[in-house]
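Taken from TrEMBL as is:
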- 51-173: domain 'Integral membrane bound transporter' (DOMAIN)
- 37-58: transmembrane segment (TRANSMEM)
- 89-106: transmembrane segment (TRANSMEM)
- 113-132: transmembrane segment (TRANSMEM)
- 152-177: transmembrane segment (TRANSMEM)
């Protein structure tokens, strides 16, 4: 059995992989990059519009958070969108709980906010979802620093609901788009 890689070696290999993927995308013809960019923009627009519209229909406090989430998680494929959505909802849950706990325990002070950010990000890494860490910090910031009316628990719960709404819309839009794209490819292949 082989020894586990050191942290330095793991990071080195990850960096090499990322640089390789970046180089592949840069070598694509500009027309391919344009079409891919337009396709992703269309997916994000449809997902964000649906999330915002549903948020308004549901009378959420600030429906734009659902639209922002939909844009943030939308990827060109369903599996990537699902992974991004998982990170987003975990980050929102951890950040919401950290912000709420800090506000209840220590009040609305900068030191409480700073401690909440550190706890939220660290908790994500401890639970093995480090990719949700920065998102948990963002949610903590929203819960603790964005002016609001009402109780902190209601703000945290509403933000998590708005995030979930954005995620659901993005997943549905990308799933439908992926099926349509697969059908289009099958039709094109059968014509050749």
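Glycine is no exception: its Cβ is also placed from the backbone N, Cα and C atoms.
TrEMBL annotations: computationally assigned, not manually curated.
Helix, strand and coil content of the domain 'Integral membrane bound transporter' (51-173), in residues and according to DSSP, is 101 helix, 0 strand, 22 coil. Remote same-chain partners of the transmembrane segment (89-106), defined as residues 6 or more beyond its termini with a Cβ less than 8 Å from a stretch Cβ, comprise 112-113, 115-117, 119-120, 123-124, 127, 129, 132-144, 152-153, 156-157, 159-160, 163-164, 167.
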